[in-house]
Amino acid sequence: MAKTSLPLAASFFLLISFSSAVDTSRLFLTVVNNCPFTVWPAIQPNAGHPVLEKGGFALPKYTHRSFNAPTTHWSGRIWARTNCAHYNGKFSCMTGDCGNRLECNGLGGAPPASLAQFDLHHGGHHDFSSYGVSLVDGYNVPMTVTPHEGHGVCPVVGCREDLIKTCPAHLQVRSHSGHVVACKSGCEAFHTDELCCRGHYNSPNTCKASSHSLFFKHACPSSFTFAHDSPSLMHDCSSPRELKVIFCH
């Protein structure tokens, strides 16, 4: 009996070790709230991809939440909703609201909101995960994306600046009490085809930076600020262990 128990124990140990190795090879998404207030992260997949974490949840100040990314190709976006509350049986947020739901379940958010964009597990054997931060739909909180343990071009990107303090008056979104809570894009403020890069302006040749997008670009040069901004701002990082979205970084 003594001769067979050791190999069995060893086999069990190897099985546990192998299982652990498989688990640790998974890509994690982590959302970090470094803000001095609660935010309500929202997650929207692109068409044909699954909803993650039911699409939204509350995240108290100075806390984080990690979850597995899909093991196959996935693309979508993450943003913060702010100044949310239940009132008369309805949940709503001053910024980033997704149809008065706590769990967005695939719905998009109302601009303006800072967005983290992802395209995970593409590029074949390179297993690229691409990511970037967009202010095309305006701004509501500072936000960065930080990759961990990836290979290749894997910079920290985003917008660390508090643009609530410097937002031009014509782009400001104010609460009922008069506080600035977000900063609109030129498109959201004026709804013209030129500023929204619609119709004739929906191409790299005709969609250009404006004085409004340049306000965001000067403060946050590594962020997308209009629809056909530089494609080099979307970075391909090979096989990262974790992609961390940090609000108020």
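Using the three backbone atoms N, Cα and C, a Cβ is placed for every residue, glycine included.
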Check: Of the listed cysteines Cys98, Cys104, Cys154, Cys159, which one does TrEMBL record as disulfide-linked to Cys220?
Finding: Cys159
Checklist line | Distance, Cys167 (disulfide bond) to Cys84 (disulfide bond) (CA atoms, angstrom) | finding: 21
Notebook entry, point to check: Residues with Cβ closer than 8 Å to the Cβ of Cys196 (disulfide bond), same chain and 6+ apart in sequence?
Noted result: Cys187, Ala227
Margin query: Between Cys93 (disulfide bond) and Cys159 (disulfide bond), how many Å separate their Cα atoms?
Written below: 22
Notebook entry, point to check: Looking only at Cys159, Cys248, the disulfide-bonded residues on record, which one has the least crowded Cβ, with the fewest other Cβ atoms within 10 Å?
Noted result: Cys248
